[in-house]
Amino acid sequence: MRLLIMGPQGVGKGTQAALLAEHYQIPAISTGDIFRYNLKNQTDLGKKVQAFIDKGELVPDQLTNSIIKDRLAMEDAQQGWILDGYPRNAAQVEALDQMLAELETPLDKVLALQADRQVLMDRMTKRAEIEGRSDDTPDVIARRLDVYAKETKPLLDIYKDRGLLLEINGVGQIDQISKTVISQLDHLDHTV
Ligand code: ADP
């Protein structure tokens, strides 16, 4: 199973990615988590990406693409994966297309989780209190949502045109949402 999980900040991508990873026994790969790990450990990569993340801007494509390329080559990614937070702009879609063509492993589905802006803002405000992420300040949250609307949301149409998009309501019980996703993906398995 090779999946993308897309949707705005606060919609629950990370939570659903973890549940799907468990169900399908594949890794959930989050570019945001990889960057945060490197920030925390002050690695060379961490130092390079800090300023972008603190401002809510996208990290340069070259860096992000090469991280994904390396990660997809790892042993535990050979049976499938879920990408959370990548691709995030048109250039990254192109880079991913090229990587997957070289690996001869096409995408199975793109999940798009949806929720109203007010729900997203409420969830992120709550998360900011709990997790204390440095990019969860009101200004940076607003910037991240703007970047999402401008750069990332239009990508959904690309995947829709390819017949890969599965749109799911991100509001409701966490395990109910996950059940809905899995039943739709299993249905897909039986029909192809
Ligand atoms: P969120 O979706 O809540 O903004 P993420 O953990 O997905 O959180 O990403 C945090 C930050 O990491 C982003 O604001 C951006 O700076 C950087 N980042 C994550 N994924 C990408 C990506 N695919 N391309 C560029 N930058 C990224």
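Backbone N, Cα and C atoms are what each Cβ position is placed from, and that goes for glycine too.
Automatic prediction, not curation, is the source of TrEMBL annotations.
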Recorded ATP site member, picked from G80, G172, that accompanies G10, V11, G12, K13, G14, T15, R127 in TrEMBL: G172
Neighbours of R127 (ATP binding site) among the binding-site residues V59, Y86, R88, R133 (Cα to Cα, within 10 Å): R133
Fewest-neighbour residue among binding-site residues, criterion Cβ within 10 Å, set K13, R127: R127
Cβ under 6 Å from ligand 1: qualifying binding-site residues of G10, T15, T31, Y86, R88, R127: T31, Y86, R88
For G10 (ATP binding site), the one of T31, E57, V59, R133 that lies nearest, given that the binding-site residues are compared by Cα: R133
Spatial neighbours of V59 (AMP binding site) that are distant in sequence (at least 6 apart) but have CB under 8 A: T31, F35, V49, F52, I53
Neighbourhood of T15 (ATP binding site) by C-beta distance under 8 A, where only residues 6 or more apart in the same chain count: I174
